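K.L.:
Pasting the relevant annotations from TrEMBL:
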{"type": "ACT_SITE", "residues": "Glu193", "note": "active site, proton donor"}
{"type": "ACT_SITE", "residues": "Glu377", "note": "active site, nucleophile"}
{"type": "BINDING", "residues": "Gln48, His148, Asn192, Tyr321, Trp423, Glu430, Trp431", "note": "substrate binding site"}
{"type": "REGION", "residues": "1-23", "note": "region 'Disordered'"}
Amino acid sequence: MANDASAVSDARSPAVSNDKLADPFTPPADSSLWRKNFLLGAATASYQIEGAVDEDGRLPSIWDTFSAKPGKVLAGDTGAVACDHYHRWEADVDMLASLGLEGYRLSIAWPRVKDAAGLPNRKGLDFYKRLLNRLKEKGITTFVTLYHWDLPQHLEDRGGWLNRDTAYRFADYADLMSRELAGTVDAWATLNEPWCSAYLGYGNGHHAPGLADGRFATQAMHHLLLAHGLALPVLRANDPASQKGIVANIGRGTANSASAADQRAAHLFEVQHNAWILDPLLKGAYPQDLFELWPGTEPLVLDGDMQTISAPLDFLGINYYFRTNVASDGAHGFRDVPLEGVERTQMGWEVYPDGLRDLLTGFKSTYHNLPPIYITENGMASDDKVIDGHVDDTQRISFLKLHLAAVNQAIKAGVDIRGYFLWSLMDNFEWAFGYERRFGVVHVDYSTQKRTIKRSAELVAKFLKERKARV
Ligand code: IFM
């Protein structure tokens, strides 16, 4: 691990920043990222880029409803138009291919492909067929997420993820999609970040549908994980050649002091962010510490549910962004203690690549059945501006280099990591923060829909070209 740590500081050394203008991105010659089979791609999600929310029979989603409510999204933004990707998908695929990106992770809008009676909506299905066929023609590896938060509103009206039936409706939806799209999808992810759906959507109300109750959060999580577990065998039966997995966001919690109480607080932070999802998936049980943190919130679990949830995965998608420094709250929990003098992004999130390495190596020792990993999201928001036709997103270039160095260290420490997706291909609708926060490696001018390749994307493209040219 000593060598690994020095590799991180090497990546942050003055030598790197002096090199900024020449090439501040390309990984060192001994990095595993030079391996040609290490997939490098970019990710997006349906509601964040597609727009066209009422075209071709698309039904309302919980995010249409939520974002229409005053005060829920910054500046009253909604996904109604977003990046207009529904109409501009061909040019967007050309742009992706022109950057040499090898993988594309997209999500399907459930309300676009089924009508309220649960019957297929051909026009919506055709959109994804065209898109995936074109990606395949371009030789791009396709990762498709079935649920990236845009639940059909009519299902929310019947209780959403608080209603066990939604898990069965999800399995039906997975059945339709995998029958229709088999052969064009290299990897299926059932859910994106169930932590966000359950905790932000039902626990604190910051996301759609905007409910706030701890018991709701744990029950919604159980139904989300059940939905995942019910969908897996369906995907396996309909599309045996593809990989099947799930995507979890993970958070690093560090203790504000060496005191036992603060160490415990950091542990509980990670239980709440990571073990809450990973333990049921990989150990077949919820972590009991979660219910010390949130007493009385045990979900209703029926016989057989945990076996369904913990069926083997072909891959685990990991989304990582930042760490949280915490101290004991003096009772059963933790409180955030923001650190001074650390580098932060436009979101206020700390730039902390070591957290990614440490979590990945920690998971390898905690979960003996840890599946192969793809980093399905990593990136940062910055207030990027187009100046003379260019976007010089210096902080993002350094961020990506540091996080890819952390991934390389985890690989060298024995974690089986097979690829990395930039979040995001282009600036998009950043949920409760609307369009103000720009996560893309491509800039989007929302008044004209003009795309401008940022410097970070140019450098990633340069690296991919060099890697491809190597014999
Ligand atoms: O934009 C989101 C994405 O939809 C899910 N993961 C985190 C990203 C940045 O907040």
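Numbering starts at 1 and runs along the chain as it is shown here.
The backbone N, Cα and C atoms fix where each Cβ goes, and this holds for glycine too.
Can you walk me through where each of these features ends up in the structure?
P.N.:
Here the Cβ of Glu193 (active site, proton donor) has 25 other Cβ atoms within 10 Å, regardless of which shown protein chain they belong to. In this structure, Glu193 (active site, proton donor) belongs to neither helix nor strand by DSSP; it is coil.
The Cβ of Glu377 (active site, nucleophile) has 24 other Cβ atoms within 10 Å, all protein chains considered.
A coil conformation is recorded for Glu430 (substrate binding site) in the three-state DSSP classification, outside any helix or strand. In sequence order, Gln48, Ala381, Glu436, Arg437, Phe439 are the residues of the chain that are 6 or more apart from Glu430 (substrate binding site) and have a CB within less than 8 Å of its CB.
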K.L.:
Compute the centroid of the Cβ atoms of Gln48, His148, Asn192, Tyr321, Trp423, Glu430, Trp431, then list the same-chain residues not in that set whose Cβ lies within 8 Å of it, in sequence order, for the substrate site.
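P.N.:
Output for this site, in sequence order: Ala45, Glu193, Glu377, Ser424, Asn428, Phe439.
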K.L.:
Taking the residues the record says bind substrate (Gln48, His148, Asn192, Tyr321, Trp423, Glu430, Trp431), how far apart in Å are the two Cα atoms that sit farthest from each other?
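P.N.:
The span, Cα to Cα at its widest, is 18 Å.
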K.L.:
Reported as an integer number of Å, what is the Cα distance between Trp423 (substrate binding site) and Glu377 (active site, nucleophile)?
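P.N.:
Counting only the Cα atoms, the answer is 5 Å.
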K.L.:
State the count of C-beta atoms found within 10 angstroms of the C-beta of His148 (substrate binding site), not counting that atom itself.
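P.N.:
A 10 Å sphere around the Cβ of His148 (substrate binding site) contains 24 other Cβ atoms.
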K.L.:
Can you give me the same-chain residues 6 or more apart in sequence from Trp431 (substrate binding site) with a CB-CB distance under 8 Å?
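P.N.:
Once residues fewer than 6 apart are set aside, Trp431 (substrate binding site) is near Gln48, Trp63, Val73, Trp149, His207.
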K.L.:
Quick check: in three-state DSSP terms, what is Tyr321 (substrate binding site)?
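P.N.:
For Tyr321 (substrate binding site) - judged by DSSP and reduced to three states - the answer is strand.
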K.L.:
If you draw a 10 Å sphere on the Cβ of Tyr321 (substrate binding site), how many other Cβ atoms land inside?
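P.N.:
Around the Cβ of Tyr321 (substrate binding site), 24 other Cβ atoms lie within 10 Å.
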